[in-house]
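Report on the following structure.
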């Protein structure tokens, strides 16, 4: 997918979105320079990641439940962090404008939780151990999962509901030549979702990936499902009034044709 750089959806100052981004950046920096501040006794970033990441089998057993939240603020490397934060900043601001700050924050965490649930459910229907290469086998039940992408996928689902006709301009780098093009938001997001779905189905066949595609799928579907219920009441009322006025206008302006029978 191309990197989104511009959109036509309106937005207010995205205070909560920026706060979430700031926390992610601070956690990432501390993970490398002062890991013991995040996890007492930790001496490196890897130890922090192991302690803050969500491990599916632990959640199923009712253990380490706090990692459902801490994993949302922990990233594997700088590219993982930057990719997620770019998408969160791009899609989060307009969604926050519709929901309001408190509802948006609750929605964000709920989306992340649902993403984890979908990820765990996907593991139950695939082999407990599956191949990454011809020589390496990984057990997904004990493989740590981390990153904000599940929650961000929920935000993208909400964006699709609120701004389907927004125009998104993206940059797709091919070698040193950047391709720049614009698509309707619904096209861009559904292409993204189709890719997640195809890759997710491939993992169900026993082929491993370092990306939790079913977390993305689950977050996205949850975002679509929950978005209508998280709109700010004032905006809901505006939409209701607009639809009522539109219906009234349609009735008044629809011409009446008298039928003639011969």
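Positions of Cβ are set from backbone N, Cα and C atoms, glycine also.
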Per TrEMBL, the range holding transmembrane segment, considering 174-195, 240-261: 174-195
Transmembrane segment range according to TrEMBL, out of 39-60, 105-126: 105-126
Tertiary contacts of the transmembrane segment (201-231) (same chain, 6+ residues out, Cβ under 8 Å): 95, 98-99, 103-104, 106-107, 110-112, 114-119, 121-122, 125-127, 130-132, 138, 140, 145, 147, 149-158, 160-162, 193, 239
Positions whose Cβ lies under 8 angstroms from the transmembrane segment (174-195), at least six residues beyond its ends: 1-2, 4, 7, 9, 156, 159-160, 163-168, 217, 220
Contacting positions for the transmembrane segment (105-126) when only residues 6+ beyond its ends and CB under 8 Å are counted: 16, 20, 54, 56, 59-60, 68-69, 71-72, 92, 95, 99, 140-141, 145, 148-155, 157-158, 200, 203-206, 212, 214-219, 221-223, 226-227, 230
For the transmembrane segment (138-162), sequence-distant contacts whose Cβ falls under 8 Å of one of its Cβ atoms, 6 or more beyond its ends: 9, 20, 24, 49-50, 52-57, 60, 71-76, 80, 84-85, 87-88, 91-92, 94-95, 98-99, 107-112, 114-116, 119, 123, 126, 128-130, 132, 185-186, 189-190, 192, 196, 208, 212, 215-228, 230-231
